[in-house]
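Peer 1: One structure coming up, written as structure tokens, with questions to follow.
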Amino acid sequence: SLVKSDQICIGYHANNSTEQVDTIMEKNVTVTHAQDILEKTHNGKLCDLDGVKPLILRDCSVAGWLLGNPMCDEFINVPEWSYIVEKASPANDLCYPGDFNDYEELKHLLSRINHFEKIQIIPKSSWSNHEASSGVSSACPYLGKSSFFRNVVWLIKKNSTYPTIKRSYNNTNQEDLLVLWGIHHPNDAAEQTKLYQNPTTYISVGTSTLNQRLVPKIATRSKVNGQSGRMEFFWTILKPNDAINFESNGNFIAPEYAYKIVKKGDSAIMKSELEYGNCNTKCQTPMGAINSSMPFHNIHPLTIGECPKYVKSNRLVLATGLRNTPQRERRRKKRGLFGAIAGFIEGGWQGMVDGWYGYHHSNEQGSGYAADKESTQKAIDGVTNKVNSIIDKMNTQFEAVGREFNNLERRIENLNKKMEDGFLDVWTYNAELLVLMENERTLDFHDSNVKNLYDKVRLQLRDNAKELGNGCFEFYHKCDNECMESVKNGTYDYPQYSEEARLNREEISGVKLESMGTYQILSIYSTVASSLALAIMVAGLSLWMCSNGSLQCRICI
């Protein structure tokens, strides 16, 4: 007789996970395992970048630092920096009102510099024919007294004369040199002659690549910081073995110090109000540092260092495990785009904890779960390699630093913002589509592995067992634990059990045939009896109708 308890089932792992992922076909699919690839957290601090401290300018601007605003004395000499931090509206900018020519270009230059060495190129004491210490202003106070920018000299007439200046500096250093100078624009003609004696003045500056001639613009202006005059500052990069030549008969703000560019590298000027956090990171944003190996983040579009790519997404989760459908859940699930093919199995097994796919058997010796280690390990390796490949491809060093534009370049700035927004939209779309597609493929990959395991068992057992349609096989022979193990490891001996299985199949077939014969006899008897009863009823009705005249009966011979 058939031993119905001898069964083997193919199934998959389930657990108590509530992790959910999205696919092309479905949203919020619960899976056994998942990996978040979107970093959403930061520490809210400014940190060292790979062990190098940032240059945090506090209340000073880049212009205030480079020119030497008296309120920025703490930055007279600064060590190597990894990046520069400037507040959105620093208080200590150009203390004497005016402009810094090509300021945005200078900031762009600084984004590729990691260290300056300040050197004296024209000593203040060398201006014997001009007043080099009288050029101060109440707009630039220091310790309650009028002062001026530390790194340039405002030259004033001496003894009612302002002799024409002709000075040169030859860059004998091996490094490029950042040189700054300026011009003073008086409020009126009286101020012009009061300071410089000469009513008509000029400043000429020349290098191998620069040819500049400046004249003061005398005009009545509103007061800023108590000053109606204005100052305009300029800069150039002086190459090694090149010379810079100055000529002027008034209004000249001469360089005293210049900056030797001793180290170039990746840097940035970051706008942030944060304080230094005495920490280290590989990726810094204006919102805080990110320490993550994830390929994407949604913290801030501007970054410096080895950073994930910024996307506008709120959620990017990769499926690494299977659909989490414990066996107690009987409702039907939708299947995937690529033909998810393990739908014949009603649910996963929470009792199988040592693998993704495996078996459950039951026989006279008992029952139990066993994972298929080989298929599980291959699947783990495949999914892990895929996830790592995605992360490696996306997690390359990526910097996005802000660009600054002056008031005349607003249209360019707007166009630049639109282009950057467009790039971010494309990155976001690509990242989200990548996750949806890979999640679909991963879940279908798991379904395919379950189906392959099922087919492996089916091809071994052939007609020695019956497919029950729910992922299980019912043996036509007794299958002890040794037999069950042979099915699992692929060494099942079909001929050994085929005779016993054949006899049990025939016994089952005989029972079915005997039952079918009995049903046929009963059916024939029932049909004949019903027909005979109907004939008798019709004959009786006819005789009754003939006897009372309702029906005429004629017999013709």
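Backbone N, Cα and C atoms are what each Cβ position is placed from, and that goes for glycine too.
Predicted, not measured: the structure shown is a model, and the values here were computed from it.
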Peer 1: Quick one: which of ASN291, ASN548 has N-linked glycosylation site in Swiss-Prot?
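Peer 2: ASN291, according to Swiss-Prot.
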Peer 1: Which of CYS9, CYS95, CYS140, CYS279 is the other half of the disulfide bond that Swiss-Prot records for CYS47?
Peer 2: CYS279
Peer 1: When a 10 Å sphere is centred on the Cβ of ASN291 (N-linked glycosylation site), how many other Cβ atoms does it contain?
Peer 2: 14
Peer 1: Among the recorded positions ASN15, ASN16, CYS279, ASN291, ASN489, whose Cα is within 10 A of the Cα of CYS307 (disulfide bond)?
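Peer 2: So the list is ASN291.
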Peer 1: Out of these glycosylation sites, ASN15, ASN28, which one has the fewest other C-beta atoms within 10 Å of its own C-beta?
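Peer 2: If we count Cβ atoms within 10 Å for the glycosylation sites ASN15, ASN28, the smallest count is at ASN28.
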Peer 1: Among the disulfide-bonded residues listed here, CYS60, CYS95, CYS307, CYS479, whose Cβ has the fewest other Cβ atoms inside 10 Å?
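Peer 2: Fewest other Cβ atoms within 10 Å, among the disulfide-bonded residues CYS60, CYS95, CYS307, CYS479, is found for CYS60.
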Peer 1: Around the Cβ of CYS483 (disulfide bond), how many other Cβ atoms lie within 10 Å? Please give the count over every shown protein chain.
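Peer 2: The Cβ of CYS483 (disulfide bond) has 19 Cβ neighbours within 10 Å.
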